[in-house]
Amino acid sequence: MEVFRLGELRHLLVTVFLSGLAEYLIRPVMTDVTVAAVCSGLDDSCSLAVYLTGVQQVTVGMGTMVMMPVIGNLSDRYGIKAMLTLPMCLSVLPPAILGYRRDTNFFYAFYVIKTLFDMVCQGTIDCLANAYVAKNVHGTKRISMFGILAGVSSISGVCASLSARFLSIASTFQVAAISLFIGLVYMRVFLKERLQDADDDDEADSGGCRSHQEVHNGGDLKMLTEPILRDAPTKTHVFNSKYSSWKDMVSLINNSTILIQALVVTFFATFSESGRGSALMYFLKARFGFNKNDFAELFLLVTIIGSISQLFILPTLSSTIGERKVLSTGLLMEFFNATCLSVAWSPWVPYAMTMLVPGAMFVMPSVCGIASRQVGSSEQGKVQGCISGVRAFAQVVAPFVYSPLTALFLSENAPFYFPGFSILCIAISLMIGFLQSLLIKDHPSLPLVNITINNPSKAEA
């Protein structure tokens, strides 16, 4: 059974890799394509390109903030495979447009279509992939699979970065579109909605799923905790279908203090990560004169270290010290990383600080693992959609805070000389997330939470 599960997850990992490869392929060339398409001269090249990119980021962020919980809820009702088909179909068209032509008219067509499609597509594949893992993997192996999933995404970034150096701009978009199309076909052909048909009988004998044995005696309680139900139409629905997805989210969150704490940590971690993404690059360019080659080397080093951490270190740590301690350790490492970068005194400091990169790679897999334990398998889409919605909200808010702050302290009008002040503020935000993570308890187990949320009358009895 375990071999079968890993084989099915391998199909999911291939799908995530192909979609991630397409996404990371496009990123390095978009700046040059945007400037060439919309800017007529050197004087206005920066302002118009930056303006368009900023509007797109905010618009997409607001859209995904609303859509992620909805998609997560729909995946619980109609299946993850069906919901994966939509974003993967929509994602093929934008790179295909620029793969054909990249003049001004085609660029604006790409810009409008990608903005609209990304409101549904951006982050959806990762969200649904996490929900798929949470539905089908249980016990201590779940966080390991979250780490492997994130590691495969990082590996796709490494492959894309290396490939982009040898591909022309036109070929880059064409390869991205082909990769997405192959991923779509592969997912539809090979990925199964459920990993096994006879899991009900085998699950009670699995050493990694002891929590399911604790409620095996009650027929109704067993149905609530089984990851795969044979009679899908007769399963217990947690929420009445007349409720909206947002009401489902509120109801779900209100029943779990641990889930609320995990979402708070998610906000501060993503808020810091999004702010550091742009602030650090501008800081390094202004402070040490970093150029695109320096950034490419740094990004490649970070991605390689991150992939190794997620694939090998995270599974070992999670099984040794537990998800909550891994989360706190990761946030603490990120805090020290941001603090040291804010006072960087030499160009080698950012390279040396990549030693602490594993901390950033530990955070979200740990959060997903903790949150997934708070609900049953029929609600994993809602939980992962809620996490993605909070991440999208943080990504929208971060530029409004850190971009002006970075610009101010890198300018001559700074109230005091501290070029890395915005990065220090990011470190403070990470410390808040770290302190919140210390409040998260290692319990309760999933079956007890399901009883409380899904059937309070039986819990009281």
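The backbone N, Cα and C atoms fix where each Cβ goes, glycine too.
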Among the residue ranges 326-345, 346-365, I'd like the one that TrEMBL describes as transmembrane segment.
326-345
Residues outside the transmembrane segment (326-345) whose C-beta sits under 8 Å from one of its C-beta atoms, at least 6 past its ends, are 143, 265, 269, 272, 276, 280, 283-284, 287-288, 314, 317-318, 353, 356-363, 366-367, 370, 420-421, 423-424, 426-427, 430-431, 433-434, 437-438, 440
For the transmembrane segment (416-435), which partner among 83-100, 252-271, 295-314, 392-410 gives the most CB pairs under 8 Å?
392-410
Candidate ranges 83-100, 252-271, 295-314, 392-410 - greatest C-beta contact count to the transmembrane segment (145-167) (under 8 angstroms):
295-314
Under a criterion of three or more Cβ pairs within a distance under 8 Å and sequence separation of at least 6, are the transmembrane segment (392-410) and the transmembrane segment (252-271) in contact?
yes
Short question: which residues 6 or more past the ends of the transmembrane segment (83-100) have a Cβ under 8 Å from it?
15, 19, 22, 26, 33, 71, 74-75, 106-107, 109-110, 113-114, 117, 120-121, 124-125, 128, 170, 173-174, 176-177, 180-181, 183-184, 187-188, 191, 381
